[in-house]
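Asker: Taken from TrEMBL, the feature domain 'Enolase N-terminal' covers 8-137. Sequence annotations record features per position, and here TrEMBL assigns domain 'Enolase C-terminal TIM barrel' to 142-428. Residues or ranges marked as substrate binding site by TrEMBL: H158, E167, E290, D315, S367, H368, R369, S370, K391. Taken from TrEMBL, the feature (2R)-2-phosphoglycerate binding site covers Q166, K340, R369, S370, K391. Feature annotation from TrEMBL assigns Mg(2+) binding site to D247, E290, D315. Residues or ranges marked as active site, proton acceptor in TrEMBL: K340.
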Amino acid sequence: MWEDDFDITKIRSRWVLDSRSNPTVETEVYTLAGGFGRAIVPSGASTGSHEALELRDGSREFHGRGVLKAVENVNTVIAREIIGMDSRRQEDIDKKMLDIDGTPNKSRLGANAILSVSLAVAHAASSTYGVPLYFYLGGMQAYLLPVPLMNIINGGKHAGNELKIQEFMIVPVGAKTFREALKMGSETYNSLRKILKEKYGSSAINVGDEGGFAPPMKNTREALDALIAAIKDSGYSPGKDIALALDAAASEFYDDKRNVYYLDGKEYSRENLINYYKELVQEYPIVSIEDPLHEEDFEGFAIATQELKIQIVGDDLFVTNVKRISKGIASRAANALLLKVNQIGTLTESLNAARLVTMNNYSLIISHRSGESEDVTISHIAVALNAGQIKTGAPARGERTAKYNELLRIEEELGSRATYPGIGIFKHYKLGSL
Ligand SMILES: O=C(O)[C@@H](CO)OP(=O)(O)O
Ligand SMILES: [Mg+2]
């Protein structure tokens, strides 16, 4: 290997389609020794207001959702500066892009433009070494397969039904391997399809943005009951084999003028909502709740974390931003981070966010977005960081199964080193209450 083998020789970006038929940025990076990396950025629907800016053209094309400007930024101003740099110098490359951008939320170049380059550079460096991305990022110490949080009933902004809670997830904590976990998830998904069809008719098995079913249900317990029935129908024991998790995405049903939440046909104060979650946690084997309260309520998150004694995840609350995470840690708000690379916009900053939370005993979940593609970078990041948890939708639809299937391959490749953590990864969950 020569010193300049890793030098970036070419960068090329284009728009491609995502799973909601919106255009998104794809970038390819080439190195001198023939290394090649490609990344496609995802896109959210229930976005946090403090996320880095996704640059959209606003012209008539694609109903204002075009990304030609972001693509052009990669092909011109970013390419000019990055070509010739060593692809292993991830931090320098990311820093250079932040400097060119010069804004706090990456609004000049666009976080979509920047992230596509950042991830493609990492892929190009790993390809030049001839090793998979998880190994390039995590080395010999990358061994932990993530427990999948599989969203099999969709509500909120991801579905056309009346469920206010956005995601109803199954968590195969009793599996011995990732492969077994995925099998259990798939079997439960297919049981749920059958149960929903019998009870609500065939229109109930239409799916939402993340591949979960979007049945015409009205309230939270109805959805949780269906999950329990599906788990049992597949021959598994709820709680022991398969636990449950929720993403409330509560900013979406919060009324800031009146400071109340509208859920299940009722109006809730913060206190009443936490009490409602408490009842649910007692009635169902729920190990994790994401965004139980709206995105500015750090104090409420701290109370919920204290009272519920399960994993409380900050997504819209933290937006993968070390400033907001630090504020959360200082006030003990939540005890887990949902890491989404496009919320912050570079690989370096994502890794910094991960380091910060793990050093403070918070849990880490690597996450997709509701608008996704065939890109599998997050599967590699999950293993590289030994995160222990991944959230990437239902075990159905290509853009979600792409991530799960890549994890099957990684597990196989790791061989006897591969470890599946099971219930132990939910360290904030009060053991014994399942
Ligand atoms: O809220 C979430 O956690 C995500 C992903 O499931 O949804 P979106 O990408 O729409 O923000
Ligand atoms: Mg969320």
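Heads up, the Cβ atoms here are built off N, Cα and C, so glycines get one too.
TrEMBL: automatically predicted annotations, no manual curation.
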Asker: Given the binding-site residues H158, D247, E290, state which is nearest to S370 ((2R)-2-phosphoglycerate binding site) when distance is taken between Cα atoms.
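Answerer: For S370 ((2R)-2-phosphoglycerate binding site), the closest Cα among H158, D247, E290 is found at H158.
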Asker: Check the binding-site residues H158, K340, R369, K391 for other C-beta atoms within 10 angstroms of each C-beta and report the one with the most.
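Answerer: Going through H158, K340, R369, K391 one by one, the largest Cβ count within 10 Å is at K391.
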Asker: Consider the binding-site residues Q166, D247, D315, K340 and say which one has the Cα lying nearest the Cα of E290 (substrate binding site).
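Answerer: When the Cα distances are compared, D247 comes out closest.
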Asker: Please report how many Å separate the Cα atom of D247 (Mg(2+) binding site) from that of H158 (substrate binding site), as a whole number.
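Answerer: Between the Cα atoms of D247 (Mg(2+) binding site) and H158 (substrate binding site), the distance comes to 12 Å.
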Asker: Tell me which of the binding-site residues H158, Q166, K340, K391 ends up closest to D315 (Mg(2+) binding site) in space, Cα to Cα.
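Answerer: Going through H158, Q166, K340, K391 one by one, the closest to D315 (Mg(2+) binding site) is K340.
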Asker: Where does H158 (substrate binding site) sit by DSSP, helix, strand or coil?
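Answerer: Helix, per DSSP.
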Asker: Near ligand 2, which of the binding-site residues show up if the criterion is a Cβ under 6 Å from one of its atoms? Options: H158, D247, E290, D315, S367, R369.
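Answerer: The binding-site residues passing the 6 Å Cβ test are D247, E290, D315.
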Asker: Calculate the per-residue pLDDT averaged over the domain 'Enolase N-terminal' (8-137) and state the result as an integer.
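Answerer: Mean per-residue confidence for the domain 'Enolase N-terminal' (8-137): 98 out of 100.
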Asker: DSSP secondary structure for D247 (Mg(2+) binding site), reduced to helix/strand/coil, please.
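Answerer: In three-state terms, D247 (Mg(2+) binding site) counts as strand.
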Asker: Please report the Cα separation of H158 (substrate binding site) and Q166 ((2R)-2-phosphoglycerate binding site) in Å, rounded to an integer.
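Answerer: Cα to Cα, H158 (substrate binding site) and Q166 ((2R)-2-phosphoglycerate binding site) are separated by 7 Å.
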Asker: How many Å lie between the Cα of S367 (substrate binding site) and the Cα of K340 ((2R)-2-phosphoglycerate binding site)?
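Answerer: The Cα atom of S367 (substrate binding site) is 5 Å away from the Cα atom of K340 ((2R)-2-phosphoglycerate binding site).
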Asker: Let me check the 10 A CB neighbour count of Q166 ((2R)-2-phosphoglycerate binding site). How many other CB atoms are there?
Answerer: 29
Asker: In whole Å, how far does the CA atom of K391 (substrate binding site) lie from that of Q166 ((2R)-2-phosphoglycerate binding site)?
Answerer: 13
Asker: Summarise the domain 'Enolase N-terminal' (8-137) as counts of helix, strand and coil residues per DSSP.
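Answerer: So the counts come to 55 helix, 26 strand, 49 coil.
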